[in-house]
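A.B. asks: For reference, TrEMBL lists these features for the protein:
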type    : residues                       : note
DOMAIN  : 152-325                        : domain 'Helicase ATP-binding'
BINDING : Cys385, Cys388, Cys425, Cys428 : Zn(2+) 1 binding site
BINDING : Cys394, Cys397, Cys412, Cys415 : Zn(2+) 2 binding site
Amino acid sequence: MKQCILQVVLDTPLDSSFDYRWQTTNDDELIPHIGQLVRLSFGRREVVGLIVGVTSHSNISEAKLKDVQGVRYQLPPLSTQWLNLCGFAAQYYQRPLGEVALPGLPKNLRALTTVALDRGLKKLRQMNDPHDASPVDVPQLNPAQQDAADAIASATGFAPTLLYGVTGSGKTEVYLQAAEKILAHNDGEHNPAQILILVPEINLTPQLEGNIRARFPNVMVATLHSGLAEGERMRHWLAAHLGQARIILGTRLAVLASLPHLQLIVIDEEHDPSYKQQEGLRYSARDLAVWRARQLNIPIVLGSATPSLETWHHAQSGRYRKLELRQRAVTNAVLPTVRLVNMEHDKPREGLTSTLISALKLRLARGEQSLLFLNRRGYAPVIACDACGWVSNCTRCTAFMVLHKPEHRLRCHHCSLELRIPGSCPTCGNVDLQPLGRGTQRLEEGLQAMFPEARVLRIDADSTRRKGSAQLAFDSVHRGEVDILIGTQMVAKGHDFKNLTLVGILNPDTALFSHDYRASERLFAQLMQVAGRAGRAAQKEGGSVSEVLIQTRYPQHPLYSAVIAHDYDHFASALLAERQQAHLPPYIYQALLRAEAKELETAIAFLQQAATCLEHGGITMNDPIPMTMTRVANVDRAQLLIECPSRPGLQAFLTDWMAVLRTIKTRAKWSLEVDPVDI
Ligand code: ADP
Ligand code: ZN
Ligand code: ZN
């Protein structure tokens with residue numbers, strides 16, 4: 001009879017591991033190993049847990065110890081390195097280990113039956129089949145690209161690098177050629193290498209996936225993102241875990257994948273807010289990736305035309321090496337000219353100034369594409385009654401119901417509430433309700449009336465609800481079936497539109513005066529990214545010079561001057577100086593305690609208690625305040641911001657604080673976020 005005690009973590013909010021007994025009379029059965037999954041009963045449920053310790057002794061009495069029900073031997077154990085990564089994330093973000101480690105695993109792996117796993121493993125063999133490998137054109141790198149690719153491929157040890165390259169400078173090509181070198185050096189069974197490439201939103205960058213598959217026909221490529229069906233997800237995860245997939249392309253969640261032979265991490269568009277998980281475990285995939293690279297002592301590349309200020313700060317201080325690509329890669333493709341159109345002088349019609357209308361006409365006449373960027377979906381953000389002042393407030397949130405005309409609905413973008421558009425004012429009966437403001441649907445309607453012959457396509461979250469529809473829409477733009485593309489931030493990212501020579505930016509001013517201190521950093525990045533969609537191919541004979549027109553009421557604003565000059569350097573340095581003066585990140589470390597309840601007082605009362613429950617020398621406790629959007633779906637929300645000039649200081653306090661917070665009796669639901677971005 002063999003026997004031992006397994007220390008197991010489970011996906012529960014309880015911050016501890018649990019002891020279970022394992023025993024067998026079968027002499028051939030192996031003793032379970034750390035990193036293996038086990039089936040067991042917990043309370044009245046049957047669940048899958050993860051072994052984090054194997055010992056011979058437990059403090060729980062023999063009579064109370066429960067036996068595990070089965071060990072998942074088919075799956076090779078998760079490595080200590082992977083457990084350490086989860087352990088770090090758990091500690092840093094103040095969550096129980098089980099809540100970090102288990103939800104990151106494919107659902108099928110956590111399912112109680114093993115059928116899915118045996119299925120998964122079988123199908124994996126099919127992924128191995130070399131696919132049809134028609135040769136592809138590999139561009140000759142320009143000298144700046146070549147230097148960057150060489151520097152990345154030859155880096156050893158923990159070498160964080162910022163690849164700072166203007167839009168269209170060919171950063172992707174640099175990643176791919178560096179990856180090629182690393183894979184070539186580390187070939188064969190004894191020294192295989194895996195490369196993790198993170199992108200903000202995989203569904204919006206299928207070009208990259210296609211590119212990678214074509215370029216690496218002999219290498220297994222796995223993709224990891226939330227759009228995969230469970231079976232697929234399991235297969236790709238296993239391919240990574242077993243070390244068979246050599247290139248792993250994924251969104252933020254892929255940072256927690258098991259990658260036993262990881263040799264290089266690439267984070268494309270590292271500034272993108274999508275790298276921050278905004279619910280549950282609110283982690284930054286970028287920060288975890290950097291930690292992971294340090295743990296494994298491997299290089300990491302962070303690429304962007306508009307790096308986050310955190311990354312820029314590290315590059316300035318020399319902690320990260322900075323590699324620069326100053327020019328567009330395609331011969332004779334140049335950055336577009338950016339011009340401001342003063343809306344006070346050139347009054348817009350249907351949201352469009354006469355300057356922008358003329359520019360659109362010119363593109364239509366020349367058969368070139370235009371992009372109009374308006375970061376507000378729906379028809380109008382609110383409808384109102386002139387007679388009595390009624391406005392379409394959401395009854396459950398501190399927000400307006402947005403008019404969605406094609407869908408004949410009023411929709412709240414914050415809770416799921418949907419109503420039919422009222423035929424008359426609910427208060428006074430006036431039948432003449434007015435839409436106020438303009439969203440993408442209204443812009444589309446106006447453009448179609450103005451240019452009946454033009455092919456107008458709108459791409460936003462509403463037009464692309466069906467799975468795969470975004471892809472179809474982008475394909476038709478690439479095929480040249482669209483003259484004017486209207487879009488929200490969905491169209492700003494990464495796309496390599498070849499025939500686009502005009503970008504119109506419709507309503508960026510609101511972000512200039514936001515209370516959020518990150519708003520100008522984000523707006524700048526967004527404008528540079530969307531501007532970067534223009535002029536990506538060489539100017540055609542008789543074709544237009546590529547240009548970006550920004551409609552604004554504040555043409556004097558320094559942010560716009562920086563955009564015109566394509567001058568990220570100075571703008572970023574100025575923002576950093578401001579942040580330093582104002583004691584804001586990255587010069588200070590923050591955590592945010594959120595609380596929500598049916599009544600605001602309950603949430604505030606909890607936060608007040610939290611603010612005083614523990615001695616906090618060295619920590620700045622701000623006052624608990626209601627969130628800007630206080631009510632969402634009939635729940636009131638409040639927050640307490642705490643700050644500290646030292647990261648370890650903040651960490652130490654948070655650990656002690658969490659222990660005390662867990663003992664507070666309250667009806668409020670609360671959660672802690674470390675390094676919050678929306679405050
Ligand atoms: P970025 O990611 O920096 O915005 P991309 O990687 O999308 O830029 O590259 C922009 C365009 O330049 C793509 O069409 C790409 O195929 C092309 N390109 C990249 N490198 C080269 C090169 N060395 N020579 C010619 N074209 C290139
Ligand atoms: Zn009314
Ligand atoms: Zn609502």
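Every residue gets a Cβ built from N, Cα and C, even glycine.
So that I understand the layout, could you describe where these features sit and how close they are to other parts?
C.D. replies: For Cys425 (Zn(2+) 1 binding site), other Cβ atoms within 10 Å of its Cβ number 19.
For Cys415 (Zn(2+) 2 binding site), the same-chain residues 6+ apart in sequence whose C-beta sits under 8 angstroms from its C-beta are Cys394, Arg396, Cys397, Val632, Ala633, Asn634.
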A.B. asks: Based on a Cβ-to-ligand 3 distance below 6 Å, what subset of the binding-site residues Cys394, Cys397, Cys412, Cys415, Cys425, Cys428 would you report?
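C.D. replies: Going through Cys394, Cys397, Cys412, Cys415, Cys425, Cys428 in sequence order, those close to ligand 3 turn out to be Cys394, Cys397, Cys412, Cys415.
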A.B. asks: Can you tell me the CA-to-CA distance separating Cys425 (Zn(2+) 1 binding site) and Cys412 (Zn(2+) 2 binding site), as a whole number of Å?
C.D. replies: 18
A.B. asks: For Cys385 (Zn(2+) 1 binding site) and Cys412 (Zn(2+) 2 binding site), what Cα-Cα distance in Å is obtained after rounding to a whole number?
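C.D. replies: It is 18 Å, counting Cα to Cα.
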A.B. asks: Listed binding-site residues: Cys385, Cys394, Cys412, Cys425. Which have a CB under 6 angstroms from an atom of ligand 2?
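C.D. replies: Cβ < 6 Å from ligand 2, in sequence order: Cys385, Cys425.
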A.B. asks: Identify, in sequence order, the residues in the chain of Cys388 (Zn(2+) 1 binding site) that are 6 or more apart from it along the sequence and have a CB within less than 8 Å of its CB; answer 'none' if there are none.
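C.D. replies: For Cys388 (Zn(2+) 1 binding site), the qualifying residues are Cys425, Thr427, Cys428, Asn430.
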A.B. asks: Taking the Cβ of Cys428 (Zn(2+) 1 binding site) as the centre, count every other Cβ atom within 10 Å, in any protein chain shown.
C.D. replies: 11
